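Visitor: Please see the structure below; I have some questions.
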Amino acid sequence: MARKKRTMPAAEVYEKSDSFGQLPSAPPISPHRMDHIYPDSYGSPPPLHQAYHVQPARANYVPDQIARFNVIKPDRLAKRHNPQLYTKRGCTDVFCCFLFFVFLCGWVVVASLGIMWGDPQRLIYPTDSEFRRCGVDQGGYYNFRYLQFFQIFTNKDIFSKRPYLFYFDLTKCISYATALGGCQTTQICVEECPSQYFSYLQLRTASAAEIQNKMKNVVYCTDDVDKSTVTTFVALQSLVQRGKCVSYTVKSVPVLQRCFPEAIFNAVDNVNTVLNSSNSLDYLKRTFGDDALIPQDIQITGQSSEVMKSVVEDQPVTHKVIHDLSQTWWQTLILIFAAGMLSFIWTVIMRLLGSLLIWLSIFLVLGALGFGAGFSWIKWNNLKATGAIDDYSFHPAFDAYFEMPTTWFVVAIATSVLLVIFLLVILFIRQRISIACALISESSKAIGSMMSTLVFPLFPFLLHIGVFALWGSIAIWLASSGQEICRMKETNGQVYNTSTKCDCNAKLAGCTYVGIEKESDTIFWLQVYNLFAFFWLSCFVTALGDIALAGAFASYYWARDKRHDVPTFPVIRALNRAMRYNLGSIAFGSLIIAIVKIIRVMLEYIDHKLGKSENKAVKWFLMCLKCCFWCLEMFFKFLTKNAYIMIAIYGKNFFSSAKDSFLLITRNIVRTVVVHKVAGILLFLGKAMITLGMGILSFYYFSGRWVVEGVPKVDLYYYFVPIVIVVIGSYFMADLFFDVYEMAVDTTFICFLEDSEQNDGSLERPYFMSQKLLEILGTKNEIPLHTK
């Protein structure tokens, strides 16, 4: 709506001629600045349409110090075109925000169902053959149904005192993975793992008192066996043959609350000593007789003595790794911290020498192509001169093909063509490369002026950890969900699927635990919902971090005076602005990525289900779909990232921002490709050099090749353990810094494109870009403004 004409003080009116009373025409309408607010006050911007456009007074017309009215200086006029300061903002994509809230409520319901139906102890604690959890006092009669009645009340925590799972026949579950998943042998919960080698044949000639002593301290039996009644070898042999008592034991150690032979994980004694002393089953078999129920030592270990020596020595590998970490933790932290400092220094180097590094990389590529082409032509000419012939039949020696002139002729042609193409491309886009160098330099300045941007990524990183923990916890609860089923024994002592159900918590004789009954389809779809929630929230957290950083870097770009106009705590301000107005848009963009991710997971699931299918057409179709959706995900990530930058600048909804950013990029596609490739080269060089450098440094230090005076030398079992940790930590630190740098480059680039398209350097629409960028573009502002 047009505003009423009002009389303006003469001190504020400035026309291009010496007479005054004439007002300049309104500036061209910007599709973005149509939303700007122009309050009716002298310190605020004037309306865009059908209103007087106020210009700053000339310095020689009304001096600032004696001006009666508020004189609009060039800097103040420029601030009026800052989209972050004078853009009308409101809540965007409210429906998506509401949908996101409803979805989170649904996730809470899924978590509640998992907690109500599940029991993670089923996955954490081992279970015996009766599906009783070792180390846990479950309650319920089926835990103690074979015990005397008084034991139920006097030893209620009996299974909490039996934390370890013992396997009767180790040869049936010697595989570690099989042991974790269960094996086809009797398993019972015990107070401690066997501490000696034993064969029941040792008791062939033993007295009743000796048998009673062994039954009490050495022999393991199921709970339904009354050991006090076993006084003869014949009775013990009958129990062993029926699988009620163990036929042998080996010296074992607990690993993940399961008893495994010490010979596998901790060969305390020399292998030859073990195999030739009383501490072996072979010795017991030679001494007390052979039995099919008692395996050989080699069957127990599953490996020969030579392999055992090479794999296991004085201590378990885990103990050695823990020892190494305890000895080197502070050196490791120092090296990782040094990697962070190097990452920061690299950002400074990119600010000072970014252009040099870029052009140096370009000239190195040109030099390599030129050298390759020249060498190939010389080699081809020499081979032709010596009369070499071409013979491309099969040759076992691959080098023979490089003694044929045609091979070098093809290589020479290829490298020459690549050299010409690369040279022409460089000549064509040389100005755009200069723009990319200047933008990278500006991004480095922005990071240097706002050091909080380097610390901020820790906030979304912690949120990512929280989201992952929530997803993992809910997934575990859902995976462990199910109803415990107990049934009464039949008269023959067996339990069938048709047997009468009974209450597992009831103290009923004959009530037997038979397993867990699950609603497989329901749990499957709840897991899908949980996984989709993980994808959506992860993308949401990433988007929130991106839009906060984009807002901070945009505030730096659009600030006329970089020292005074950049707001205090720019990242926190941008984050607050995003959470106040743009949560719906963030939810919308992250929803798109999450949908594509879940589709890719479903395609992988279908491919896994059809893994044994011989239908080539179906497999090819699935492969094409997976490839297409991967490309689609990459495209949407690129699109949403630029949309978040536009949202941070103008505060529009997601669709409008995505459309504006996409059209802006397509109008400047060559600049976009060049900037992204050039920035990618610099970031790759930075990550590679920092990670490789810290890896080499840690190798020389932890391997003892580099001795530092005053620092004690460390003796390690596996010096590669701290090296791997340093390399991973260094890459993480470099990635943390360079992700911020990448966002700074992308935001600065979008702001630069907007600035170059919407402004023309006039008094009405001055450029906000740096003087270096203005020189590259060959333009300037009519009145130089503060750009420091």
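One is the number of the first residue shown, and numbering goes on along the chain from there.
Backbone N, Cα and C define each Cβ position, glycine as well.
Residues or ranges marked as N-linked glycosylation site in Swiss-Prot: ASN276, ASN497. Annotation comment: Swiss-Prot describes 98-118, 329-349, 352-372, 409-429, 458-478, 531-551, 583-603, 620-640, 679-699, 718-738 as transmembrane segment.
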Visitor: Cβ under 8 Å, sequence separation of at least 6 from the ends of the transmembrane segment (409-429): give me the contacting residues as numbers and ranges.
Guide: 362, 365-366, 369-370, 372-373, 376-377, 379-380, 670, 674
Visitor: Could you give the residue numbers and ranges of same-chain residues that sit at least 6 residues beyond the transmembrane segment (718-738) on either side and whose C-beta is under 8 angstroms from one of its C-beta atoms?
Guide: 320-321, 324-325, 328, 331-332, 335-336, 339-340, 342-344, 346-347, 454, 457-458, 461, 683, 686-687, 690-691, 694-695, 698-699, 702-704
Visitor: Considering only the recorded stretches 352-372, 531-551, 620-640, 679-699, state which has the highest number of Cβ pairs under 8 Å to the transmembrane segment (458-478).
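Guide: Result: 531-551.
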Visitor: So if I exclude everything within five residues of the ends of the transmembrane segment (329-349), which remaining residues of that chain have a CB under 8 angstroms from its CBs? That is, six or more out.
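Guide: For the transmembrane segment (329-349), the list is 357, 444, 447-448, 454, 686, 689-691, 693-694, 697-698, 701-702, 714, 722, 725-726, 729-730, 733-734, 736-738, 741.
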Visitor: Are the transmembrane segment (98-118) and the transmembrane segment (531-551) close enough that 3 or more Cβ pairs fall under 8 Å, when only pairs 6 or more apart in sequence count?
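Guide: Contact criterion met.
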Visitor: State the non-local partners of the transmembrane segment (583-603) in its own chain: residues 6+ outside its ends, Cβ under 8 Å from one of its Cβ atoms.
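Guide: For the transmembrane segment (583-603), the far contacts come to 91-100, 528, 531-532, 535-536, 539-540, 542-544, 547, 622, 625-626, 629-630, 632-633, 636-637, 640, 643-644, 647, 653-654, 657-658.
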Visitor: Who are the chain neighbours of the transmembrane segment (620-640) in space, where the CB to CB distance is under 8 Å and they lie at least 6 residues beyond its ends?
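Guide: Same-chain residues near the transmembrane segment (620-640) but 6 or more away: 543, 589-590, 592-593, 596-597, 599-600, 603-604, 606-607, 610, 658, 661-662.
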Visitor: With Cβ-Cβ distances below 8 Å as the criterion, list the same-chain residues six or more beyond the ends of the transmembrane segment (679-699) that contact it, or say none.
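Guide: Those are 332, 335-336, 338-339, 342-343, 346, 350, 354, 357-358, 361, 436, 440, 705-706, 722-723, 726-727, 730-731, 733-735, 738, 741-742, 745, in sequence order.
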Visitor: Where else in the chain does the transmembrane segment (98-118) make close Cβ contacts, counting only residues six or more beyond its ends and a cut-off under 8 Å?
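Guide: Distal contacts: 470, 473-474, 476-483, 526, 529-530, 533, 536, 540, 583-584, 587, 591.
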